[in-house]
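So the structure is just underneath, and the comments pick up after that.
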Amino acid sequence: MGLIANLRACLLLASWLLLGLALGAPQAPRGICLLPPEEGPCRALVPRWHYDRYTQSCREFTYGGCEGNANNFRTLDDCEQSCWTIKKVPKICRMEYDEGPCRASHKKYFFNLSSMTCKEFYYGGCYGNDNRFSAVESCMDYCLPKRTGPSFCYSPKDEGMCTAFVPRYFYNATSKSCDVLNYTGCGGNENNFASQKVCYSICGKGKRVFLNTSILSTNN
């Protein structure tokens with residue numbers, strides 16, 4: 001049974017990695033990028049990359065070759081392309097909550113990086129760390145990342161599945177710019193705009209840095 005379980009785990013991981021190769025390292029589900037790195041029970045020495053939620057960066061680790069979890073990427077580029085949309089939070093909000101060694105019982109709140117919400121805990125009254133807030137509102141206000149624009153502005157570039165060639169624009173959340181999208185005419189997602197001006201007005205909060213003003217002038 002152990003061998004069968006190992007084979008199944010390897011097949012699942014291999015299929016996920018092959019999908020990444022076929023699609024050019026697609027954006028991973030958020031939960032995958034927040035998993036702790038797992039070397040697995042085998043003894044190979046395979047260099048891999050994982051997303052470290054505490055440093056908010058991709059880091060190298062040694063994979064044993066079987067089992068583990070899906071926070072496991074062949075290259076740094078694959079890791080960064082898959083996990084770049086993970087929201088960034090201040091350093092103190094990435095700390096594990098710490099009740100401290102004393103024995104008082106003060107109701108406080110800490111920011112939970114896994115759920116991206118503030119949760120209640122009881123502080124002992126001394127030591128601990130700075131991930132400790134008196135009210136859930138102040139915790140959320142300080143720790144929860146602020147995004148500009150609707151959530152679809154953070155969808156990955158998607159040219160669609162047809163064969164047409166329609167010049168459009170998409171919001172690139174990494175560079176915070178509206179870049180050219182060669183839309184194929186069907187499919188895709190909502191991060192797709194007829195002009196760069198419209199793209200910036202919706203996703204860039206009024207920012208205006210146009211790549212091709214001659215094209216835009218024909219749309220106005």
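Glycine too: its Cβ is placed from the backbone N, Cα and C atoms.
In TrEMBL, annotation is done automatically, which means it is predicted and not curated.
The annotation domain 'BPTI/Kunitz inhibitor' is assigned in TrEMBL to 33-83 (among others). Note on the domain 'BPTI/Kunitz inhibitor' (33-83): mean pLDDT across this stretch is 93.
Marked as domain 'BPTI/Kunitz inhibitor' by TrEMBL: 93-143 (among others).
Annotated domain 'BPTI/Kunitz inhibitor' per TrEMBL: 153-203 (among others), in sequence order. Here the domain 'BPTI/Kunitz inhibitor' (153-203) has, by DSSP, the following mix of helix, strand and coil residues: 10 helix, 15 strand, 26 coil.
Per TrEMBL, the feature signal peptide maps to 1-24.
Between the domain 'BPTI/Kunitz inhibitor' (93-143) and the domain 'BPTI/Kunitz inhibitor' (33-83), three or more CB pairs separated by 6 or more residues in sequence fall under 8 Å, so the two stretches touch. In terms of DSSP secondary structure, the domain 'BPTI/Kunitz inhibitor' (33-83) contains 9 helix, 15 strand, 27 coil. According to DSSP, the domain 'BPTI/Kunitz inhibitor' (93-143) comprises 10 helix, 15 strand, 26 coil.
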